[in-house]
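Enquirer: Heads up, here are the entries from Swiss-Prot:
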{"type": "MOD_RES", "residues": "THR8", "note": "phosphothreonine"}
{"type": "MOD_RES", "residues": "THR58", "note": "phosphothreonine"}
{"type": "CARBOHYD", "residues": "THR58", "note": "O-linked glycosylation site"}
{"type": "MOD_RES", "residues": "SER62", "note": "phosphoserine"}
{"type": "MOD_RES", "residues": "SER71", "note": "phosphoserine"}
{"type": "MOTIF", "residues": "100-108", "note": "motif '9aaTAD'"}
{"type": "MOD_RES", "residues": "LYS143", "note": "N6-acetyllysine"}
{"type": "MOD_RES", "residues": "SER161", "note": "phosphoserine"}
{"type": "REGION", "residues": "206-294", "note": "region 'Disordered'"}
{"type": "MOD_RES", "residues": "LYS275", "note": "N6-acetyllysine"}
{"type": "MOD_RES", "residues": "THR315", "note": "phosphothreonine"}
{"type": "MOD_RES", "residues": "SER329", "note": "phosphoserine"}
{"type": "REGION", "residues": "335-360", "note": "region 'Disordered'"}
{"type": "MOD_RES", "residues": "SER344", "note": "phosphoserine"}
{"type": "MOD_RES", "residues": "SER348", "note": "phosphoserine"}
{"type": "MOTIF", "residues": "355-364", "note": "motif 'UBR5-degron'"}
{"type": "MOD_RES", "residues": "LYS371", "note": "N6-acetyllysine"}
{"type": "REGION", "residues": "413-434", "note": "region 'Leucine-zipper'"}
Amino acid sequence: MPLNVSFTNRNYDLDYDSVQPYFYCDEEENFYQQQQQSELQPPAPSEDIWKKFELLPTPPLSPSRRSGLCSPSYVAVTPFSPRGDNDGGGGSFSTADQLEMVTELLGGDMVNQSFICDPDDETFIKNIIIQDCMWSGFSAAAKLVSEKLASYQAARKDSGSPNPARGHSVCSTSSLYLQDLSAAASECIDPSVVFPYPLNDSSLPKSCTSPDSSAFSPSSDSLLSSTESSPQASPEPLVLHEETPPTTSSDSEEEQEDEEEIDVVSVEKRQAPGKRSESGSPSAGGHIKPPHSPLVLKRCHVSTHQHNYAAPPSTRKDYPAAKRVKLDSVRVLRQISNNRKCTSPRSSDAEENDKRRTHNVLERQRRNELKRSFFALRDQIPELENNEKAPKVVILKKATAYILSIQAEEQKLISEKDLLRKRREQLKHKLEQLRNSCA
């Protein structure tokens, strides 16, 4: 959208806020120039939609003074005007000079640090992407960064005396970290430089901090006091990342940090009271976890040798059926005894599997015994003696008929036996009579 602004007075002194609502960039790709240069706020995928539905705000009634315009960065930018005015930023400007000044404000890297990187600034709050609920994740990330830096600087204050040279490097690194998250990862402090002492040393190592380190976050003292006054607070969260600030602000790594903190708290509860003082000391590794005692698992040999019960049983008369039953029962009892000899503690699943296995073995044994009984009954029937494929129903019917015929024959034989006994008695009595007559 072209700039259509007309001023009656060329030397009219206006503040940036009174003219800002009328300014728009000429080209579409420069609409998010401030966000593209800082790389902290990537351009939204719906730039055209934002421009289409953007309403022109009304100018304020009275010009307000921004903290960014009064900051040293604003004063540092004004002498770099291409016009080379001798005003030095203190006199009246023409319309062209004001336009160039606004362009430099939008494109200057030094001003971007004060306008964009400061979460408390009004420009940061009035940003389009910050106001959108879908793209407001950066606000939470900046809040997390400020909290981490506050705890980081508070821990550095308590750990030792300040060192000016190292404090300057820490300040520069932290400011660069606020400016660019990806660039700060390569400029972090070496842990060996900050903590030159070993882990087992009782004395705390001297760490570097700057005199004005509290300027990074206004809530550093409040965070430190809340951490010390909380009865449930653990000394471990301050020790998690002392040597370097976090290098990412994604949700997945925030969840990982939360899980690690919970893990540290749970481990600290298991430790003895004497070891808690040692766990509170800072270390180069960050996380302090006690060595876990190895679990001693005793294993026992479970007999898995099983016969192939699915194979067709042999009908040969090698040994009697009673001997077969005895051998099978001995084999099953031996398997059960081998399972009971295992003295190691098992879970409920292992016990259930053993019970199921034992039940399956006993069920197979019962079926095999029933099958052998049918085969033995078939061998006793004369009609089915040589028929190995006789069904069980035929075997039962033939066996019933055979039993009835045997019972009828038995009754006949019993009656014959009675007749023969009577005949014998008669013959004995007649023999006695003959002996008496001869005598």
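Think of each number as a place in line: the chain as shown, counted from 1.
Backbone N, Cα and C atoms are what each Cβ position is placed from, and that goes for glycine too.
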Enquirer: Using Cβ-Cβ distances, find the residues under 8 Å from SER348 (phosphoserine) that belong to the same chain and are at least 6 apart in sequence, listing them in sequence order.
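Expert: Residues satisfying the criterion: none.
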Enquirer: How many helix, strand and coil residues does the motif 'UBR5-degron' (355-364) contain under DSSP?
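Expert: So the motif 'UBR5-degron' (355-364) is made up of 10 helix, 0 strand, 0 coil.
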Enquirer: Need one number: mean pLDDT over the motif '9aaTAD' (100-108).
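Expert: In the predicted model, the motif '9aaTAD' (100-108) has a mean pLDDT of 66.
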Enquirer: Return the count of C-beta atoms lying within 10 angstroms of the C-beta of LYS371 (N6-acetyllysine), excluding that atom itself.
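Expert: 14, counting other Cβ atoms within 10 Å of LYS371 (N6-acetyllysine).
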Enquirer: Tally the residues of the region 'Leucine-zipper' (413-434) by DSSP class, grouping H, G and I as helix, E and B as strand, and everything else as coil.
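Expert: The region 'Leucine-zipper' (413-434) comes out at 22 helix, 0 strand, 0 coil.
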